[in-house]
Each structure stands twice: as structure tokens, then as C-alpha cells.
Amino acid sequence: MWLRPSIWLCFPLCLALPGQSQPKAADDLGGLYCGPSSFHFSINLLSQDTATPPALVVWDRRGRLHKLQNDSGCGTWVHKGPGSSMGVEASYRGCYVTEWDSHYLMPIGLEEADAGGHRTVTETKLFKCPVDFLALDVPTIGLCDAVPVWDRLPCAPPPITQGECKQLGCCYNSEEVPSCYYGNTVTSRCTQDGHFSIAVSRNVTSPPLLWDSVHLAFRNDSECKPVMETHTFVLFRFPFSSCGTAKRVTGNQAVYENELVAARDVRTWSHGSITRDSIFRLRVSCIYSVSSSALPVNIQVFTLPPPLPETHPGPLTLELQIAKDERYGSYYNASDYPVVKLLREPIYVEVSIRHRTDPSLGLHLHQCWATPGMSPLLQPQWPMLVNGCPYTGDNYQTKLIPVQKASNLLFPSHYQRFSVSTFSFVDSVAKQALKGPVYLHCTASVCKPAGAPICVTTCPAARRRRSSDIHFQNGTASISSKGPMILLQATRDSSERLHKYSRPPVDSHALWVAGLLGSLIIGALLVSYLVFRKWR
């Protein structure tokens with residue numbers, strides 16, 4: 001029998017254009033700092049395989065590849081850092097930044113030459129910063145000047161402008177190091193990755209605090225202790241999910257709260273007690289909209305154990321995931337998207353039944369296709385699976401991956417896997433690759449028993465072209481993903497070579513006319529020559 005509850009699945013990716021090598025996530029592309037108006041990050045360019053450092057590349061909004069260099073017109077500034085590293089600042093309004101889902105996105109890559117001298121992208125990383133950046137109150141001049149140079153606690157890594165430093169609620173002096181530092185007050189921030197950041201000066205009270213006694217009120221274990229200290233400052237940084245942080249939801253707002261307190265030196269004798277220290281108790285709150293899609297919070301959902309198998313119809317949850325490699329050992333999380341890929345690089349897709357332990361259930365895929373937007377009905381479309389089988393009209397056919405061989409799965413019949421080579425949509429008139437997002441969609445149903453013929457798809461061996469019309473069968477439902485693909489170009493010189501060596505197409509009719517005219521001219525000359533000889 002068929003269990004009618006099913007799901008229509010899709011998932012986002014980021015693509016790049018053709019290249020031979022597959023990019024890998026670059027661990028040394030890091031050090032990101034999200035400023036109020038620009039990205040700040042550092043990159044280590046030293047290659048482990050060659051003494052020649054690779055080139056730093058970036059993609060524009062149309063997916064074309066460029067060398068990353070100083071270009072004020074495009075809002076990029078590059079400077080040499082310590083050792084082989086480079087520091088980069090990129091304006092959110094520049095040529096290489098795209099806005100999506102309340103975030104600024106900037107794909108960065110490292111380009112190296114192979115043994116034949118062909119340059120290709122070998123590493124990629126996508127930097128993300130939130131669009132909404134709330135400025136904090138700037139400390140007064142007295143609170144800044146009163147901090148000795150040797151006792152200043154850095155507020156942000158260099159390079160940073162005065163405007164960006166003030167947006168963080170910190171002090172700025174370009175002639176000193178650090179140039180951006182905390183003032184003699186309390187500076188608290190709610191970071192985009194879901195952390196409290198609280199800097200406290202001992203001079204925030206009079207008399208000064210016992211600075212080494214400042215601690216979180218509800219937890220004081222190792223992860224909740226200060227991450228940095230000077231003789232004047234302590235800096236706390238901890239996630240919303242730890243250190244006794246309280247959460248409450250009021251209307252459309254989620255509020256995260258914690259408290260800092262400072263101990264006092266109390267002197268006691270038989271007739272009473274005294275103290276000469278200030279009372280300090282600080283409550284810090286971070287407030288976010290529950291309906292926002294750009295919460296800077298890493299959310300973990302802990303579900304109850306699945307119920308025992310039932311034989312009657314009931315609600316089912318299906319999930320589509322993208323694996324990081326062909327082993328399906330790990331998957332991209334929601335925070336990893338958009339995912340950067342090169343064209344023709346395989347994407348490993350998995351659709352599964354969730355939270356069920358009935359081994360007799362089977363998952364059946366119907367259609368899988370791609371669209372350039374979130375709507376599964378959007379045109380143009382490109383099929384990947386048709387009636388559960390690879391679409392034969394594609395020269396890079398989708399590959400079905402048997403799940404039964406996966407020994408680490410308790411219920412293999414709950415899973416379906418396939419791989420597809422990444423691609424970009426092409427304008428049917430201009431014959432150029434379309435920029436913008438690309439989405440994957442699938443329709444699926446759950447059947448029982450899993451081994452029944454109705455649950456098994458048999459694909460024809462012949463390379464007969466199957467109908468690519470996308471239609472929805474009874475007993476299937478739908479759901480759409482919320483992330484895009486980004487189209488990127490893999491080599492800088494491919495478009496230049498195409499333009500250099502391409503020529504306008506030759507009209508065959510024009511060639512025929514030219515040949516006929518040539519024949520007539522030659523014939524006329526020959527007749528004239530014979531007449532001339534006869535006359536003489």
C-alpha cells in the first residue's frame with residue numbers, strides 16, 4: 001500500500017563554471033571580520049606544493065572570474081600582511097558582493113598553475129556577513145583618553161577605519177596600536193554567530209571594581225571565564241546556548257539574557273561587617289525577531305526518540321540533504337549555504353525518511369529537477385530524474401547510487417541517493433549563461449512494503465530519451481528550500497580565448513552566390529580571350 005504523506009524536496013547550491021580540478025574548502029582562507037560597511041579578512045597565500053604563491057581571485061555578480069587587487073572602483077583594497085598572508089577589505093557595495101537572505105556574500109578563491117601552465121581554481125570559500133549592523137554608542141573622549149596605551153584591549157583587528165570602530169562602540173586613534181580599543185566603560189555586543197561579547201573596565205564604577213572578581217552570575221566554569229584580560233579590562237565571549245543564558249519568547253521576539261556580577265571585599269568582626277567596594281551587577285540582553293531568516297544564532301533541535309513502528313497511516317517527515325563527498329559521511333548544514341561548486345563537479349544528493357524505525361517502509365523518488373528560483377514551477381527547468389530514472393537527454397547523466405551497500409545505515413530502504421553534475425541555465429535567445437540562483441527539487445512518496453514491485457523503479461537499459469515533462473502524481477506533497485546557487489567562472493582566460501578565436505558565422509547562401517559570381521567572371525574573361533585571338 002502507499003502511505004499518502006510524502007514530500008517535495010529541494011535544496012540550494014552555489015556553482016562555479018567549468019574547470020578540471022575540484023575546489024576544496026580552504027581552511028587558511030579565514031580571519032573574517034564583518035565591519036559596518038565592508039568585509040575584512042586575511043588569507044595565507046603560501047602554497048605547500050610550490051614556492052610560487054597562488055593568485056587570489058574573486059567573482060563578480062555575473063559569475064565572471066577576476067584577480068583580486070586594489071581597485072577603488074570595485075571597492076577592494078589589498079595589503080601585505082605578516083609572512084605570506086594578505087589582508088583584504090571589500091566594500092559591501094562593491095563589484096564582488098551579492099546580497100541574499102539578509103546577508104552579504106563574497107566568494108573567494110585561490111588560483112594555481114598546473115604542470116602544463118594552465119591556471120585553475122584550487123580552493124574556494126564563501127564569506128558571509130549580516131546586512132543589518134546596529135551601531136553602538138561611542139564612548140566619550142574622556143572614557144577613551146583615560147585608558148593607558150599599555151593597558152588597552154583591542155576591540156577589532158586591523159585594518160579598520162574610524163567609522164567602523166565607532167560603529168562597534170569603541171575608541172579610535174590612528175597613531176597608536178591598537179588603533180581600535182575599548183573605552184573605560186561596559187561595551188556589549190550580540191555577534192552574528194550567536195555569542196555575547198562583553199568588555200568591562202574596572203573603572204566603570206567608583207571606587208574601581210575588583211576586576212579579577214567579575215564573573216557570570218549563573219555559571220562560572222572554564223568556558224564561561226574571560227577570554228582576554230589586562231590590568232584594567234576583562235572580555236567575556238560565550239554562546240547563547242551556554243553559561244546559564246536564559247531565553248524567553250515575547251510575541252515575535254526571542255530574548256537571550258545573562259548577568260555579570262563582581263565580588264566585594266567584605267571585612268567582618270564580631271559586631272558587624274564593612275566593605276569599601278562598589279556594587280556591580282550588569283544584565284545583558286540580545287533581542288532578535290523570531291520570524292527573521294537572518295538570526296545570527298546556531299540552532300540545535302533535540303527531538304524525542306522516534307515512536308515504535310505503526311501500521312496505520314500517519315505523518316511522515318522526509319529530508320533532502322547534500323553530502324560533502326561521495327562517502328556521504330557528512331552533510332552541509334543550513335549555515336553552510338550557499339555552497340560553492342564548479343560546473344561539472346558532482347553533487348551528492350540524499351533523500352531520506354526521518355524519525356521512523358519501521359524497516360518495511362520504502363522511499364520512492366518520482367521527479368527531480370532544477371529551476372532558477374525557489375518556485376518549483378518556475379521556467380526554465382532542467383530534469384535530473386524522470387519517473388525515478390536518470391534523464392537520458394543530458395550528456396552528463398544523473399547517476400543513481402545504490403544505498404544497500406551502505407553498511408552504516410540501519411534502514412537502507414529509507415534512503416535514496418544520486419549524484420548530478422552541476423550546471424548553469426542558459427538564455428534561450430542570447431545563448432549565454434544566466435546569472436542568479438539555481439534550486440533543486442524532488443517529488444517523493446513512501447510505500448509499504450519496501451520490497452514490493454510498486455516500490456522499485458526499473459530503469460530501461462536502452463538510451464531511449466524519456467519525456468522530460470514535470471508532472472505531479474497523486475499521493476505526493478511538496479516543500480521548497482530557501483537557498484540559492486551562485487554561478488561562478490572557473491578560469492579567467494576562457495571567455496577571452498572564446499572572444500579572441502571566435503569569428504562571425506558564415507552564411508552558406510552567401511558562399512553559393514560568391515562562387516557563382518566567380519565562375520561567371522572567369523567564363524567571361526575566357527570568352528573575351530578567345531574572341532580576341534580569332535580577331536587577330
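From the backbone N, Cα and C atoms, a Cβ is placed for every residue, glycine too.
Per Swiss-Prot, the features are as follows:
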{"type": "DISULFID", "residues": "CYS368-CYS442", "note": "disulfide bond"}
{"type": "DOMAIN", "residues": "189-462", "note": "domain 'ZP'"}
{"type": "SIGNAL", "residues": "1-21", "note": "signal peptide"}
{"type": "TRANSMEM", "residues": "512-532", "note": "transmembrane segment"}
In which DSSP state, out of helix, strand and coil, do we find CYS368 (disulfide bond)? strand
Using DSSP with the three-state reduction, classify CYS442 (disulfide bond) as helix, strand or coil. strand
Limited to the domain 'ZP' (189-462), I'd like the whole-number average of pLDDT. 78
